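Annotated features, as they stand in TrEMBL:
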{"type": "DOMAIN", "residues": "12-313", "note": "domain 'Acyltransferase 3'"}
{"type": "TRANSMEM", "residues": "12-32", "note": "transmembrane segment"}
{"type": "TRANSMEM", "residues": "52-69", "note": "transmembrane segment"}
{"type": "TRANSMEM", "residues": "89-110", "note": "transmembrane segment"}
{"type": "TRANSMEM", "residues": "130-154", "note": "transmembrane segment"}
{"type": "TRANSMEM", "residues": "161-182", "note": "transmembrane segment"}
{"type": "TRANSMEM", "residues": "188-204", "note": "transmembrane segment"}
{"type": "TRANSMEM", "residues": "216-233", "note": "transmembrane segment"}
{"type": "TRANSMEM", "residues": "270-291", "note": "transmembrane segment"}
{"type": "TRANSMEM", "residues": "297-322", "note": "transmembrane segment"}
Amino acid sequence: MSSDNPPKHQYNGIQALRFVAASMVTIYHSFIYYDNLSGTPIKFHDYFDPGLLSRGVAIFFVISGFIMAMSAERLSIGKFLWHRALRIYFGYIAAIAIAVAAKTAVFGSYPMQLISFKSVSLLPFGEIGYPLGVEWSLVYEIAFYAVIAVLIALRYPAVRIAVMLVWMVAIMAFGGESTHLLPSASQILLSQYNLGFIAGYFCWHLKGMGVGRFRDFFILGIVLLLGDLIITWPLMRELFVVAGASLIVLGASDPRFSERFAADHPLVRWGNASYGLYLMHVTILGCVYAGSGQHGLGIYLTGLLMALAGGIFFGSCEFTLYQRLKRLIDARKKLVHAPVADKKPVTL
């Protein structure tokens with residue numbers, strides 16, 4: 001769900017899509033948390049299934065697979081792993097600190113038992129509590145990074161693609177029992193949630209297909225995302241969602257779509273901030289809905305707008321600091337590993 005900013009303007013369409021996906025998840029959670037904390041559901045439920053907005057996570061996973069495939073071709077294992085670690089954990093720890101401060105201020109205390117090595121490591125320890133309430137997707141993201149590190153070590157593109165194909169087939173054949181939101185280490189690699197990452201990996205290799213037809217990709221992708229509403233078989237439903245998300249990502253990667261978005265376009269800048277929005281939105285929603293003690297459409301919209309604005313603000317600050325840290329550390333590493341010129345004796 002997080003990634004480095006794609007180079008130059010080439011994938012600004014992907015960045016804009018990332019913000020759309022983060023907003024979908026935020027709006028979805030606004031319904032869930034308002035209903036749970038207020039006890040009075042928004043009547044909009046009578047006309048619309050908020051669960052449709054949860055498809056934003058599938059789009060996130062496909063985007064991550066797309067960007068990680070690009071990284072696998074450009075980075076060494078060491079550089080890839082420390083870039084990923086900095087990207088994930090820097091913002092995550094900052095978000096935890098803010099959540100502790102905010103909830104202590106609003107509710108008088110914070111359940112510190114949620115903060116432990118198991119939870120903060122984002123490793124697959126199964127059914128445990130987490131500080132922010134959104135970590136399940138990050139657990140899958142970290143596991144996928146480990147797979148990408150292995151692919152980088154394999155070096156040959158054809159071998160990498162073969163490994164991903166075998167992984168996909170194994171998940172489709174044996175993954176039903178292993179598909180959980182909070183999997184254990186023995187379950188995570190065969191979980192069907194990984195299909196989004198794998199599809200995104202293949203999307204990177206299919207980029208440029210049907211240039212200029214991004215509208216067709218978007219329309220068909222949305223139809224497939226909605227198609228799972230009439231499907232009861234879990235695997236087929238997941239395949240429809242992943243296929244729809246993949247078509248949307250392919251459309252967003254179209255150069256003719258991306259050229260519509262300059263680097264300073266609001267959707268691109270908010271896309272850069274989408275990881276922070278994802279991390280912070282549940283904390284803000286909980287503080288507003290549970291802390292206000294009010295009910296009704298007004299407080300619902302207030303919480304949603306505060307979650308979007310606060311999440312984007314946090315994400316923008318976090319992204320800027322991350323970029324500066326990454327450049328600083330890259331420069332220092334380059335300096336440390338630079339060859340030292342032979343010293344010649346000075347003659348007077």
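Keep in mind that glycine also has a Cβ here, set from the backbone N, Cα and C atoms.
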Recorded stretch, among 12-32, 52-69, 89-110, 188-204, maximising Cβ pairs under 8 Å relative to the transmembrane segment (216-233): 52-69
Same-chain residue ranges lying at least 6 outside the transmembrane segment (12-32) that approach it to Cβ under 8 Å: 5-6, 42, 44-45, 50-51, 53-57, 59-60, 63, 66-67, 214, 248-249, 251-254, 257-258, 260-263, 265, 267-268, 270-274, 277-278, 281-282, 285, 300, 303-304, 307-308, 311
Within-chain partners of the transmembrane segment (161-182) [C-beta distance under 8 Å, separation at least 6 from its ends]: 124, 126-128, 136, 139, 147, 150-151, 154, 188-195, 198, 201-202, 205, 234-235
Residues from the same chain, set at least six apart from the ends of the transmembrane segment (270-291), whose C-beta lies under 8 A from its own: 1-2, 5, 14-19, 21-23, 25-26, 29-30, 33-34, 37-38, 60, 87, 91-92, 95, 98-99, 102-103, 106-107, 132-134, 137, 299-300, 302-304, 306-308, 310-319
Model confidence over the domain 'Acyltransferase 3' (12-313), averaged pLDDT: 93
Spatial neighbours of the transmembrane segment (52-69) far in sequence, C-beta under 8 Å, 6+ residues away: 1-4, 6, 14, 17-18, 20-25, 27-28, 31, 137, 140-141, 144-145, 148, 193, 196-205, 207, 225-226, 229, 241-242, 244-246, 248-249, 253, 278
